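These notes are about the structure you will find just below.
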Amino acid sequence: MSFLIDSSIMITSQILFFGFGWLFFMRQLFKDYEVRQYVVQVIFSVTFAFSCTMFELIIFEILGVLNSSSRYFHWKMNLCVILLILVFMVPFYIGYFIVSNIRLLHKQRLLFSCLLWLTFMYFFWKLGDPFPILSPKHGILSIEQLISRVGVIGVTLMALLSGFGAVNCPYTYMSYFLRNVTDTDILALERRLLQTMDMIISKKKRMAMTRRTMFQKGEEHNKPSGFWGMIKSVTTSAPGSENLTLIQQEVDALEELSRQLFLETADLYATKERIEYSKTFKGKYFNFLGYFFSIYCVWKIFMATINIVFDRVGKTDPVTRGIEITVNYLGIQFDVKFWSQHISFILVGIIIVTSIRGLLITLTKFFYAISSSKSSNVIVLLLAQIM
């Protein structure tokens, strides 16, 4: 009976997580695109639901919620589903949508999708060769073989994302990295942009007038006939064609310049908004956090280097060590072991919630930056794979 109750709790939470992933997909990622492939939406939502369920099972394990046999059953079932999605479904559909966007391979897209998936499986399996993954206790096709390879990729991705976050967070919030931007700078750049746009319009008008003149004179339609006329048409060109080519090259260069100026103008506006935000109370708070975490990252790098060089192993976590130092300094009676576990648990919960929130925000920004109507399905599946 307890197993049925525990299973109903887990299924209910999975349905809620699935619904949240579905809404996030529709309201955030695909709000500017028409959903043509519901399989992509289902895969993304299922991946999000089972990822959050594994977080939930970790929290239940710490708190002692649910029966231990129920937790173990749902944990193993979650692992099997996640591995099925990561290793088989998502890579296959990524290859399928890539092939579908290539017109020459459209008729045989299923065959080429299978070939791409087999290529992925080859490199995925070869990834385990440098690592001590094979064990006589487990078979070649066991769940441990897949988990170990996914773990290698996951740890690598976590290291890359953590390194990016450690650098990007202080750079984003610290006022030290903000350049001084004034209204005069923005107006000067906008003036240059308007002048460039005026030059583009005038040159395009000039090209249109030249084409109209050439058409009226018959230079585009009345070609010379006869043998000498053919030789003349090969060795010489129309009087206005060279000018049109030169003007078109100038227009292309000016359009590229206008794009760069527009991006610089948008960057100046964004920097100005960040300067105004840094003057608020919230901005000053994040500025302080930026300095604090910068010093903390440098200290962690220094201590990690010492631990690696001298082969030291940490025996206490930072929370316990900090509480011990505080208790010894203040000289009060305090159950360090009991409270360190609860404080560590609260911190882990905060990290999990903020990590999921930060991941979703980053995924949304990344998706808007590089997605298009053709590549959106592939990008969403890649984001699901990373998630």
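Positions of Cβ are set from backbone N, Cα and C atoms, glycine also.
Any TrEMBL annotation is an automated prediction that lacks curation.
Copied from TrEMBL, the annotated features are:
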| type | residues | note |
| --- | --- | --- |
| TRANSMEM | 6-26 | transmembrane segment |
| TRANSMEM | 38-63 | transmembrane segment |
| TRANSMEM | 75-98 | transmembrane segment |
| TRANSMEM | 110-127 | transmembrane segment |
| DOMAIN | 142-207 | domain 'Golgi pH regulator conserved' |
| TRANSMEM | 147-169 | transmembrane segment |
| DOMAIN | 277-387 | domain 'Abscisic acid G-protein coupled receptor-like' |
| TRANSMEM | 288-310 | transmembrane segment |
| TRANSMEM | 343-368 | transmembrane segment |
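Helix, strand and coil counts under DSSP for the domain 'Golgi pH regulator conserved' (142-207) come to 59 helix, 0 strand, 7 coil. In the predicted model, residues of the domain 'Abscisic acid G-protein coupled receptor-like' (277-387) average a pLDDT of 74. Residues 35, 41, 44-50, 52-53, 56, 66-67, 70-71, 74, 360, 380 of the same chain, all 6+ positions outside the transmembrane segment (6-26), place their C-beta atoms under 8 angstroms from a C-beta of that stretch. Long-range neighbours of the transmembrane segment (288-310) within the same chain, counting only residues 6 or more positions beyond its ends whose Cβ lies under 8 Å from a Cβ of the stretch, are 166, 169-170, 172-174. Residues 87-88, 91-92, 94-96, 98-99, 149, 152-153 of the same chain sit 6 or more residues outside the transmembrane segment (110-127) yet have a Cβ under 8 Å from a Cβ within it.
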